Amino acid sequence: MASQTLVSPSPLSSHSLLRTSFSGVSVKLAPQFSTLATSNFKPLTVVAAAKKAVSVLKGTSAVEGVVTLTQDDEGPTTVNVRITGLTPGLHGFHLHEYGDTTNGCISTGPHFNPNKLTHGAPEDEIRHAGDLGNIVANAEGVAEATIVDNQIPLTGPNSVVGRALVVHELQDDLGKGGHELSLSTGNAGGRLACGVVGLTPV
């Protein structure tokens, strides 16, 4: 294929032209054209999309609360918890399989467990994805906590959106209590309040 020459407005000697090629086409570029082409290049920046969800917990007792979940790109999910009306002490806190509260919190089903493992602590390798451990209520019955977990994403096949968060009556034994329910529920007792996880604007 014949060479193509870009000519600048001012006369240039033949030795001042630069030669390059692309797609089989030979192109002679004047130095100022080459500088212009490279100096205007800006790298592509990909901005990660943050996601946010909320769950409003209600029950048949005075226990209630609000939980927010946020996730940046594909990173872990940060869960901010504030629940009131609890008895002082530890209470199991889990993500359950279903966002169904038609018959109260019992309709939310078992813990969210896509990997079909036994119950454990949040830091355990073998655990339910929905095992979020315990929250601690103070003398006024208020529990505030921040949980960071990488098994409860807000998007993808294991998204927690549409599932339910549940706070329990008793302390979760984290699968280590030796009770017949330890490896399924942590023997955390009844379900005091629950709420469906739904997306909200960031």
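In case you wondered, yes, glycine gets a Cβ from its N, Cα and C as well.
Summarising the annotation, Swiss-Prot assigns transit peptide to 1-48. As annotated by Swiss-Prot, Cu cation binding site applies to HIS94, HIS96, HIS111, HIS168, with the evidence given as similarity to another entry. Residues annotated as disulfide bond in Swiss-Prot, with similarity to another entry given as evidence: CYS105-CYS194. The Zn(2+) binding site annotation in Swiss-Prot covers HIS111, HIS119, HIS128, ASP131.
Projection of Swiss-Prot feature records onto the structure.
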residue : record                 : DSSP class
HIS94   : Cu cation binding site : strand
CYS105  : disulfide bond         : strand
HIS111  : Cu cation binding site : strand
HIS119  : Zn(2+) binding site    : coil
HIS128  : Zn(2+) binding site    : coil
HIS168  : Cu cation binding site : strand
CYS194  : disulfide bond         : strand
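In this view, HIS94 (Cu cation binding site) is surrounded by 26 other Cβ atoms within 10 Å of its Cβ, with every protein chain counted. In this structure, the C-alpha atom of HIS119 (Zn(2+) binding site) lies 19 angstrom from that of CYS194 (disulfide bond). Across the fold, the C-alpha of CYS105 (disulfide bond) and the C-alpha of HIS128 (Zn(2+) binding site) stand 19 Å from each other. Apart from HIS111, HIS119, HIS128, ASP131, the residues listed for Zn(2+), the same chain places the Cβ atoms of HIS94, PHE112, ASN113, LEU117, THR118, GLY120, ARG127, ALA129, GLY130, GLY175, SER184, THR185, GLY186 within 8 Å of the centroid of those Cβ atoms. Taking the mean position of the Cβ atoms of HIS94, HIS96, HIS111, HIS168 as the Cu cation site, the remaining residues of that chain whose Cβ falls within 8 Å of it are GLY92, PHE93, LEU95, THR108, PRO110, PHE112, GLY130, ASP131, LEU165, VAL166, THR185, ALA188, ARG191. Spatial neighbours are here defined as Cα atoms within 10 angstroms of one another, and by that definition the neighbours of HIS168 (Cu cation binding site) among the recorded positions HIS128, ASP131, CYS194 are CYS194. Distances between the Cα of HIS94 (Cu cation binding site) and those of the recorded positions HIS128, ASP131, CYS194 are shortest for ASP131.
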